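Some features that Swiss-Prot has for this protein:
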TRANSMEM  34-54  transmembrane segment
TRANSMEM  62-82  transmembrane segment
TRANSMEM  219-239  transmembrane segment
TRANSMEM  254-274  transmembrane segment
ACT_SITE  ASP307  active site, 4-aspartylphosphate intermediate
BINDING   ASP344, GLU348, PHE377, THR378, ALA379, GLN380, SER381, ARG382, MET383, SER384, LYS395  ATP binding site
BINDING   ASP518, ASP522  Mg(2+) binding site
TRANSMEM  588-608  transmembrane segment
TRANSMEM  616-636  transmembrane segment
TRANSMEM  656-676  transmembrane segment
Amino acid sequence: MSRKQLALFEPTLVVQALKEAVKKLNPQAQWRNPVMFIVWIGSLLTTCISIAMASGVMPGNALFSAAISGWLWVTVLFANFAEALAEGRSKAQANSLKGVKKTAFARKLREPKYGAAADKVPADQLRKGDIVLVEAGDIIPCDGEVIEGGASVDESAITGESAPVIRESGGDFASVTGGTRILSDWLVIECSVNPGETFLDRMIAMVEGAQRRKTPNEIALTILLIALTIVFLLATATLWPFSAWGGNAVSVTVLVALLVCLIPTTIGGLLSAIGVAGMSRMLGANVIATSGRAVEAAGDVDVLLLDKTGTITLGNRQASEFIPAQGVEEKALADAAQLASLADETPEGRSIVILAKQRFNLRERDVQSLHATFVPFTAQSRMSGINIDNRMIRKGSVDAIRRHVEANGGHFPADVDQKVDQVARQGATPLVVVEGSRVLGVIALKDIVKGGIKERFAQLRKMGIKTVMITGDNRLTAAAIAAEAGVDDFLAEATPEAKLALIRQYQAEGRLVAMTGDGTNDAPALAQADVAVAMNSGTQAAKEAGNMVDLDSNPTKLIEVVHIGKQMLMTRGSLTTFSIANDVAKYFAIIPAAFAATYPQLNALNIMRLHSPDSAILSAVIFNALIIVFLIPLALKGVSYKPLTASAMLRRNLWIYGLGGLLVPFIGIKVIDLLLTVCGLV
């Protein structure tokens, strides 16, 4: 479930962003953006020149210099506004999270058990290792692990999902988040963080951008922009002596205008906004990224490790067939399977009971009246079943039943082995049923592949992304499901060690790997992966190991995360292409205007037939400022994303943003020149 999206130009955010844009005019703020810092210096210099001209200290057109100076300041303000608006949108999203944080009191237990004496203390004084009791109606005061009890918890304040979730001690559902509310029962929680370090605190800090650092690609692009700026600065500086030697020295105001129009101010002014907006779009998808680096890495990912259950398949395996062993009637197998599943409350267990009822009209028997002993499933035995009327019936995995049969002096039939392989090849999971030491047959549990998932994997393949299915199933079952789903590869009988080894193998080949996880056993692999999306419903260890947290706890979200990352990289690349292409048109506007008096041959470059040198220069400067404003929506929303190959994507962007970057300034500068001329402003 995604959070409510803010309007792109929310009035309150726009007003606040305008105020912040003015505050950012101070040199300390401008220094962080070298390209815009040059524009800021140029604005200051031309302001001083226009004042000197107006007071008669310097000769020249004071009105023209003032107009150039004013539009240069507007350029800086627009760049500041773009960044402030992006930050403001993120802070508005963070404010909704701040509403969750409430100064409250907690019941700190003196002993780690329910019923122990408790002290009432402020929640912000709780330390790591403290034990607290929370009951129905209480707000959980800290992040922690449930060590006793079980309760229904409302996590909507964090996740946006209204349906309550169960949190209980033991297993992968013991992690709780501060700021969520207990709906029923009680929990004894051990705090896992100190004040200011909670998940909510980290979310707020990350969303507000307080911890935002430039990503490697952003740093590389900044270095390129600085290099271009230095080249244009040196080139512009050499033009004054050339013009002076020609007998008609160009004014400093014109040279500053030329420099500002030639350096890549468009992308320089929008670069920070693109980075902030990328993290904001992640939050819009209910994913919290720990840094811009994580979002950027998502765009570069070329291997996706996807859990089978819940991501590729629906995750609710259903009994589809009873396959009896040689000499056993199918009805006898169905009867034994139903008995063994009467106390099994899992979806698989209930589906076995229902299938037996549908196939052979075997009505579900009253559990209480059977006077039977039910044997629950355990990770060690990997079986469950029932002891009734001297009958010992079990169902479980092939290996577990084989060990059970051999331990009871029996023999595992070869025909059942063949039936197990047959079920596995069809992409189903085989469960074997045994009574005493006699194997009765196989139950086929069919997991349904999600609709449309094969097409999504085909799109990812077009983009050069390899998909790998991770499953605990045997190789035959895994191979069948992998073929049906259309993944490129699979890892069967996966263990935490196997997942970690696979990630390292791909990284050794120079690939970037993304994966999801929710359990403590996923933590090593999450820590190793380049993009690690931890489920919010998972353990604290998993969330700390990942560099993103999915508040919806939806493993399929990994594909969307990659799309958002790629969209951010595409936006940055597209606007850089557009910005650099812009310079060509501005060159044709300003160079003839500035130097035609000295070198008349340059009039041949005035292909736009602009009205006068002053109108040409002023039109280029105005366009240079306005284009930043027009591109703010694109920087915040991101460019249109389509799953294409790298070469096709490059061609598409060159046509749209390269050619567009050439044509738009020619049209824009000419229109502005006509308006200035018609209005008599030049």
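Here the Cβ of each residue, glycine as well, is placed from N, Cα and C on the backbone.
The transmembrane segment (616-636) is not in contact with the transmembrane segment (219-239), judged by fewer than 3 CB-CB distances under 8 Å for residue pairs 6 or more apart in sequence.
Neighbour counts of Cβ atoms within 10 Å were compared across the recorded positions ASP307, ASP344, ASP518; the minimum falls on ASP344.
Most Cβ pairs within less than 8 Å of the transmembrane segment (34-54), among stretches 62-82, 588-608, 656-676, belong to 62-82. Distant neighbours of the transmembrane segment (588-608): 239, 242-243, 246-248, 250, 254-255, 257-258, 261-262, 614, 616-617, 619-620, 665-666, 669-670, 673; these residues of the same chain sit at least 6 beyond its ends, with a Cβ under 8 Å from one of its Cβ atoms. Contact count against the transmembrane segment (254-274) (Cβ pairs under 8 Å) is highest for 219-239, out of 62-82, 219-239, 656-676.
Outside the transmembrane segment (656-676), and at least 6 residues removed from its termini, the chain residues within Cβ reach (under 8 Å) are 574-575, 577-582, 584-586, 588-589, 608, 610-611, 615-616, 618-620, 622-623, 626-627, 682. Non-local neighbours of the transmembrane segment (219-239) in the same chain are 34-35, 38, 250, 255, 258-259, 262-264, 267-268, 271, 572, 576, 580, 594-595; each lies 6+ residues outside the stretch with a CB under 8 Å from one of its CB atoms. Of all the recorded positions listed here (ASP307, ASP518, ASP522), ASP307 has the Cα closest to the Cα of LYS395 (ATP binding site). Across the structure, ASP522 (Mg(2+) binding site) and MET383 (ATP binding site) place their CA atoms 24 angstrom apart. Residues of the same chain lying 6 or more positions beyond the ends of the transmembrane segment (62-82) and with a Cβ under 8 Å from any Cβ of it are 17-18, 20-22, 24-25, 29-30, 33, 36, 39-40, 42-43, 46-47, 49-50, 53-54, 251, 253, 256-257, 260, 265, 268-270, 272-273, 614, 617-618, 621-622, 624-626, 628-629, 632, 635.
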